[in-house]
Amino acid sequence: PSPFPAGLMWLQHGEGARLHHSCEQQQEDAPRYGWVMHDGENFGIQEIRDGNLVLKTEFVKRSGGSHGGDWSWRVSARARSREGPAPLLSLFFYVATDGQGQLEPQLEEGTRLAAVTGTTEELGNFTVTFLRPTATSGGEELKYASYTHLSLPSPGLHRLAELVRSRLSSRFSFSPPGGPRRRYLGVDPSRAAPGEPPLSPSLGHFVLHQVTLEAPAVAEVTFESGSVGGRGARLAGGALGGALARAVAAFEQRFEATFGLSRKGFPGPQRRFAQAALSELLGGVGYFHGHSLLRAPGGGDHPVPSAPAALFTAVPSRSFFPRGFLWDEGFHQLLLGRWDGALSRDIIAHWLDLMNAEGWIPREQILGDEARARVPPEFLVQLSDTANPPTLLLALERLLPDAPPSYLRRVFPRLRAWYEWFQRSQAGPLPHTYRWRGRDPPHPRFLNPKTLGSGLDDYPRASHPSAHERHLDLRCWMALAARVLREVAERLGEPARGYRDTEQALSDNRLLEELHWAPELGAFADYGNHSAAVGLRWHRPPPPAPGHPAPEPQLLREVREEPRLRFVAALGYVSLFPLLLQLLRPDSPRLPGLLDTIRSERQLWTPYGLRSLSRDDPFYRQRNTQHDPPYWRGAIWVNMNYLALRALRGYAGAEGPQRERAAGIYRELRENLVRNLYREFTDTGFLWESYSDSTGRGQGCRPFAGWSALVVLVMAEDY
């Protein structure tokens, strides 16, 4: 709740100099960055490419004492091209307190910040030391550098870069022996903002060390805990290099033991791609604390803050979604649970602890000022009737064989409350049917009101939201939920009959067909008040009054056929859910038709993975509003392709008439998906949010090592 943050900013001097701090993706020339190795606990290596500059950040932890032990960081800088003068670079290392704790800057020769001593409640006494830079890793040859520093009240973690920019001045000179004198931007302690408050423990304290040098160079920072006794050599220089080398070897050995990609014949570059995918997901795991903004249905226009909440979680994207998302997290934990079961169980428990008294978990966790600063205002408030797919149960089911009974006994009351909340709040109009609440109301600008609670946002649903809707995907998620609750209850000796009865009813293929089979579509489907003739059309407003500007044309919804209760003729991911969650029997007469849909290039099949909506669907690649491009209307999403591969592998291994066909489709789809994600990573340096169904190119935000990192499990064939 009151952290001791430490971080890095950097700036390349020259024309168009730009200070970089937080992970961004808005600019076309934004740096490429990502963790290439990270074990989730003690060690990591990250690479950053910013134009001609390559930065490598490395850290390693040495346990000891009663406060976690010592940590050391190494930042190496080099130029990709040796042409022209060596780039002049500033590295800004900072530490801060956030409401509690004390920091004391330790100056050397009156100007260079050599160290910071301090104390916080969680870490006790410590010393952070900024070592002089060297020319090479572990080398002893010192590198010429210029130094300046800041020691100021902290304006909040989300405003640190803004504070540094306000203090930059061009009055500083870089004058290496025998080299040209160059001006550079340095933080100027004398450049105070008007009305800046004095240092106060209640505000927090921000201390920054700026070192300016020419690449190539290496800078190291050590954190030494005051409670570590008899530590021996400082974790720096050769000792740090040795610790990093041992950590790299241990990571590679553990990665191969866990996923076996070398045994499967993947060459080195593809194994390194998979290591980077896992590492970027692990490197995005963070701790968040603060209030959510909540509103109950009919609760008026004024949201209320939740009680303070803490969340330990992975995030979908360090740049665009640096916060917790409920349905994403279940997919994240499928991978992290294979790497570190205890870590995954801890994260799942944190999510379950966010539950309110009714059993509801907000689908998006925007906790604290730092998180809120990255979210558009219209998405800040969470509605308490809106669910999200219970994908945490997918991950928990995988963890059950090794989960300690004491853990299951602690989480079971929350699992039960969550399940019962779903049954109460998302019930459909008929027994054993379900309806996502929180759909957008009809609006003249919306082609199809969104269903954010489903996770599939703009996937086509009934054109006119109503209480008559039956949502196929939610029904399948509830079948999974009943199965997992039954398994946990049986493990603990708790009453399981209710879960077993619901599981059997929701797995009944005859009842599933009765409620969701659309004969005219030849597939499973949603049901609701739907018009098949809806489109967006440009409307020109009436001429303005004399002297007034002409209003802009508007793209508005046009309903050319009255809606009626019917199946929703949208063929895509939702249609596949009885297959994706393996509710269909291997001998189901509906399975061949779904396999046809998967393999049809006119429908869902592409050389890069399964598209989200059939190519011959009227909503395929259609915008939802003038300013809202298609999202789940054709793009390829890795999480759904993972579920498809998992299901196909299951049907290929089960006795049934479609066994060989499922196996063939599985092999083709796996090869297509892995090949395309690897190609895009090689070309761009990133995993992406989704992929184009026509070119395979990454689209949406990047890096997106959330559920796109499931490619590691696909490569390992670990489902």
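Using N, Cα and C of the backbone, Cβ positions are placed for all residues, glycine too.
What TrEMBL says about a protein is an automatic prediction, not a curated fact.
Annotated features in TrEMBL:
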DOMAIN    3-136  domain 'Glycosyl hydrolase family 63 N-terminal'
REGION    172-197  region 'Disordered'
DOMAIN    241-717  domain 'Glycosyl hydrolase family 63 C-terminal'
* To do: With DSSP as the reference, give the number of residues of the domain 'Glycosyl hydrolase family 63 N-terminal' (3-136) in helix, strand and coil.
  => 0 helix, 77 strand, 57 coil
* To do: Determine which residues of the chain contact the region 'Disordered' (172-197) at the Cβ level, with the cut-off under 8 Å and only residues 6 or more beyond its ends counted.
  => 11, 13, 17, 88, 90, 92, 144, 146, 148-153, 164, 166, 203, 208, 210, 212, 214
* Asked: What mean pLDDT does the predicted model reach across the domain 'Glycosyl hydrolase family 63 C-terminal' (241-717)?
  -> 96
* Asked: Within the region 'Disordered' (172-197), how many residues are helix, strand or coil going by DSSP?
  -> 0 helix, 9 strand, 17 coil
